[in-house]
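Accompanying notes for the structure given below.
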Amino acid sequence: MGPSERPSIGWTPKEAEMQIGPQPDGWSRGWKPGDRGAVPLPLSPALSFLLLFPLASALQPTPLPFPELRLVGGPSRCRGRLEVMHSGSWGSVCDDDWDVVDANVVCRQLGCGLALPVPRPLAFGQGRGPIFLDNVECRGQEASLSECGSRGWGVHNCFHYEDVAVLCDEFLHTQPPTRKVLTSMAPATALQNGKGEGSVRLVGGASPCQGRVEILHGGVWGTVCDDDWGLQDAAVVCRQLGCGVALAATTNAFFGYGTGHILLDNVHCEGGEPRLAACQSLGWGVHNCGHHEDAGVLCAVLSPPTSTALPPSVTKEDWARHTGPAATGVGASPSRDTVWLTTAARASGKKSGRLRLVGGPSPCRGRVEVLYAGGWGTVCDDDWDFADARVACREAGCGPALGATGLGHFGYGRGPVLLDNVGCTGTEARLSDCFHLGWGQHNCGHHEDAGALCAGPEELGLQVQQAGSETTRMPSPRPRDGHLRLASGTHRCEGRVELFLGQRWGTVCDDAWDLRAAIVLCRQLGCGQALAAPGEAHFGPGRGPILLDNVKCRGDESTLLLCSHIRWDVHNCDHSEDASVLCQPL
């Protein structure tokens, strides 16, 4: 494991940096309800080594009573803003270092099943009163949050707009066996591309093209460790399985813990390899991981293509352009000469006003919502596939489809779930013309909201204009907290990074800014691959507040706000240090 990787015991680099030096009130590495004195816990070899130094005395566990926690402000007891009780009062938890591993512990403690992806900031509002915990760090196996590390009661550097929110799948333990469950471990439902050496399969996902990555070696199936796991690696897996482009590379056993051997670690794909086994790694069976680090993928196509699944008007050439190595979407390498050209003229469509895409980086990428009886509602991802996305994109006036998403990829909707088991041929004018169970008939929750990735009018216009037609640019949506934009560049995919927060636009300081942050931002904005991450106001100094500093990304985060950073508005910069990115335009 190289210097840039996180220690396998579960600490993040940020946490390790914080521990070398004086600690506020002592670093808590676990506590038990009812304890009053310091009770040392078993220490790993790495932590024992640190105890040889004088400063390490600050790392001794400080037992803290932790009788209760709750989720408030959400639609159910299993979804909301996290609060813990201390000394008779309820308080918030700060989101520094918070991830799905920590959320899984909370969900398990509450009897709420599996944690879903970490929601956007302020998803359930801001808390009031004290902030009790910060830098919570769980390994994933803990029975309760009280066994995880933290900085200690009341020690933090946060504000309430950093309050942790948690989404659990409360249906996990009550669903019938036939209903899809995120943690399904049955290999019988897994998609795999063969039984030969180097074959891969996805296990534990809600559809055949999502799940924990397992690979076959020496006749034995094993998992892949998430050290260095990223979107290029996921792209190879999705392509090997015929599942289109990669939407996300998941870490920290997002799709549940595997069993048996860990066969690959530090996988590094260039993105063009035909098989995962062709990528660089430490070698078969060489790793320093546990199954809490099992890698996974989410691919754009929910089900793999078959020779009989293509609608009459879709040629194999069209399908290959959307699912082959050159297909362009989130995280794929762009290829202008193969994407959209053959379908642009007949796929642009006219907006019906009865379907919209929301929650995404542009008006043509997002959660699918349909209008019925005067109200908007969502579509469940049961049977949702590329043909359905084609119709949704056409009805939205957004050109050809690039991919179909599920599992609430673009956030969780509100209100009714209006359609389920949608089955389109791909030629319908409206989504409501496709087969479905009937308006309002479903067995879903909003964690199953379907989405679509469309080429969009901007990109479509490049192709349509070549054919002698005209196109109209869609107006930009009104910004909301957390929205990002690139300013002063020559096109929409390069420029100075600006963030919208509290009804104002502000900039990002270039301290610690690097290509990994650019990768996250380019992906979030629906642009191509990150080319550079210049600092020093490369595109000129901005105005207004400097909202973020010391942004540190791994590169696989879904949004820039999930990267580690100093708390809002705290920095030591001026606008001569504004951060920028250059992304390859699509």
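Using the three backbone atoms N, Cα and C, a Cβ is placed for every residue, glycine included.
A strand conformation is recorded for CYS94 (disulfide bond) in the three-state DSSP classification. The disulfide bond annotation in Swiss-Prot covers CYS94-CYS158 (among others).
In the structure as shown, the Cβ atom of CYS107 (disulfide bond) sits within 10 Å of 23 other Cβ atoms. Positions annotated as disulfide bond by Swiss-Prot, on the basis of sequence analysis: CYS107-CYS168 (among others).
If you draw a 10 Å sphere around the CB of CYS148 (disulfide bond), it holds 23 other CB atoms from the protein chains shown. Swiss-Prot lists CYS138-CYS148 (among others) with the feature disulfide bond.
CYS289 (disulfide bond) carries neither a helix nor a strand DSSP state and counts as coil. The feature disulfide bond is assigned by Swiss-Prot to CYS225-CYS289 (among others), with sequence analysis given as support.
In the three-state DSSP classification, CYS299 (disulfide bond) falls within a strand. The annotation disulfide bond is assigned in Swiss-Prot to CYS238-CYS299 (among others).
In the three-state DSSP scheme, CYS269 (disulfide bond) falls into the coil class. The Cβ of CYS269 (disulfide bond) lies under 8 Å from the Cβ of GLN232, ASP233, ALA235, VAL236, LEU276, CYS279, GLN280, each of these being in the same chain and 6 or more residues away along the sequence. For CYS269-CYS279 (among others), the entry in Swiss-Prot reads disulfide bond, with the evidence type sequence analysis.
Here Swiss-Prot flags CYS380-CYS444 (among others) as disulfide bond. CYS444 (disulfide bond) has a Cβ environment of 20 other Cβ atoms inside 10 Å. Under the three-state DSSP scheme, CYS444 (disulfide bond) falls in the coil class.
Among the features that Swiss-Prot reports, disulfide bond is placed at CYS393-CYS454 (among others).
Here Swiss-Prot flags CYS424-CYS434 (among others) as disulfide bond, drawing on sequence analysis. Counting every protein chain shown, 23 other Cβ atoms lie within 10 Å of the Cβ of CYS424 (disulfide bond).
Annotation comment: Swiss-Prot describes CYS509-CYS573 (among others) as disulfide bond. Its Cβ placed at the centre, CYS573 (disulfide bond) has 18 other Cβ atoms within 10 Å.
The disulfide bond annotation in Swiss-Prot covers CYS522-CYS583 (among others) and rests on sequence analysis. Taking the Cβ of CYS583 (disulfide bond) as centre and 10 Å as the limit, one finds 26 other Cβ atoms among all the protein chains shown. Following the DSSP three-state reduction, the secondary structure of CYS583 (disulfide bond) is strand.
What Swiss-Prot records for CYS553-CYS563 (among others) is disulfide bond, and it gives sequence analysis as the kind of evidence. Sequence-distant neighbours of CYS553 (disulfide bond) (same chain, six or more apart, CB under 8 Å from its CB) are ASP514, ARG516, ALA517, ILE519, VAL520, LEU560, CYS563, SER564, listed in sequence order.
Feature annotation from Swiss-Prot assigns domain 'SRCR 1' to 69-169. The domain 'SRCR 1' (69-169) scores a mean pLDDT of 83 in the predicted structure.
Residues annotated as domain 'SRCR 2' in Swiss-Prot, with sequence analysis given as evidence: 200-300.
Annotation source Swiss-Prot lists domain 'SRCR 3' at 355-455.
Positions annotated as domain 'SRCR 4' by Swiss-Prot: 484-584.
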Cβ-Cβ distance under 8 Å to CYS299 (disulfide bond), same chain, at least six residues away:
CYS209, GLN210, ALA234, VAL237, CYS238, LEU241, CYS243, GLY244, VAL245, ALA246, LEU247
Pick from CYS238, CYS279, CYS509: which of these disulfide-bonded residues has the biggest number of other Cβ atoms within 10 Å of its Cβ?
CYS238
What count of other C-beta atoms do you get within 10 angstroms of the C-beta of CYS393 (disulfide bond), across all chains shown?
30
Inter-residue C-alpha distance, CYS444 (disulfide bond) and CYS168 (disulfide bond) (nearest angstrom):
14
Could you work out which of the disulfide-bonded residues (CYS289, CYS380) has its C-beta surrounded by the smallest number of other C-beta atoms within 10 A?
CYS289
Looking at the disulfide-bonded residues CYS107, CYS168, CYS380, CYS522, whose Cα is closest in space to that of CYS573 (disulfide bond)?
CYS522
Identify which of the disulfide-bonded residues CYS94, CYS454 has its Cβ surrounded by the largest number of other Cβ atoms within 10 Å, counting every protein chain shown.
CYS454
